[in-house]
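Asks: Below are the structure tokens for one structure; questions will follow.
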Amino acid sequence: MVPRRLFVLAVVVLADTAAVVNSGFADSNPIRPVTDRAASALESTVFAALGRTRDALRFARFAVRYGKSYESAAEVHKRFRIFSESLQLVRSTNRKGLSYRLGINRFADMSWEEFRATRLGAAQNCSATLTGNHRMRAAAVALPETKDWREDGIVSPVKNQGHCGSCWTFSTTGALEAAYTQATGKPISLSEQQLVDCGFAFNNFGCNGGLPSQAFEYIKYNGGLDTEESYPYQGVNGICKFKNENVGVKVLDSVNITLGAEDELKDAVGLVRPVSVAFEVITGFRLYKSGVYTSDHCGTTPMDVNHAVLAVGYGVEDGVPYWLIKNSWGADWGDEGYFKMEMGKNMCGVATCASYPIVA
């Protein structure tokens, strides 16, 4: 049995290093000696539980980098097993020469069941998009060959939903923040927590999921959405604390893309502004690193989609057309918080539940 003292030390070490998760092994980091000592202590703990192997060392460095905390030898073994399975998935997938690559990230020691329960929403029927109301532009209005709304300066920074299935709120605020900045030329950060706490009457369920189309309707009839500063994110369901004097944006209406109509979605993303979309996340996607994601195993129906995000552009990479999408799992996930999804096949239902707001 491994002495409890070592695991207590590991918890303390990890707590101290959580604030420097992105600088763990950078040569330019001025506090590298502290990080190195923390890594050394955790490595000793992991080796005591797992033995001195290359994979155990890799696991210890992963834990330090992402500020992990393991409270017992049993948990170290459990997380190491999941981490090893993730590592094998990354290696086997990347050997296939697909259009995308996986990589180890902060989710590598979480089981699929844990990840699904804390990062994804429950499937909901996107009935609003059965018949869309987006008006396609005239044929004389040419779509740009590629589009990236970040280059126009209207896309807000990537946020992190944490351990709450509130992706729909971040998709909603991302679309609203872009629309507001496009209209005013000023940046804004809006309250996801208000949507978590206050949107239940419009068939949204806080940390258990919701839909941007329903969130836009809530904001429209509520009279607005507060700013992030006045109503900060907590990542748990709470009591509604909306205050009219703190409203940052109002919604006049929302526009829905017809279910599965990628031509409408491309028209909206190319010529209007970023669009809230949803798709089905399946197990390997959580380890996405780069490239154009594609899958033969995800669904495309309204009851398949389980994660809401924001389409901010499109393009072509190595001959594969893609959607450029902003996620809400932090800027250290994927390609600086973004990913690319294959276009033209309604991949994983990306055009199944899409809508965008019209702001006051």
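Cβ from N, Cα, C; glycine included.
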Asks: Of the residues CYS298, CYS353, which one does Swiss-Prot pair with CYS348 through a disulfide?
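Replies: Between CYS348 and one of CYS298, CYS353, Swiss-Prot records a disulfide, namely with CYS298.
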Asks: Which one is it, CYS126, CYS207, CYS240, that Swiss-Prot ties to CYS164 with a disulfide?
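Replies: Between CYS164 and the options CYS126, CYS207, CYS240, Swiss-Prot records the bond with CYS207.
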Asks: Taking Swiss-Prot as the reference, CYS198 is linked by a disulphide to which residue in CYS126, CYS240?
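Replies: Swiss-Prot says the disulfide from CYS198 goes to CYS240.
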Asks: Under DSSP, is ASN327 (active site) part of a helix or a strand, or is it coil?
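Replies: Assignment for ASN327 (active site) reads coil.
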Asks: Looking only at DSSP and grouping its letters into three states, which state does ASN256 (N-linked glycosylation site) belong to?
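Replies: DSSP call for ASN256 (N-linked glycosylation site): strand.
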Asks: Roughly how many Å lie between the Cα atoms of CYS207 (disulfide bond) and HIS307 (active site), rounded to a whole value?
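Replies: Each residue's Cα considered, CYS207 (disulfide bond) and HIS307 (active site) end up 12 Å apart.
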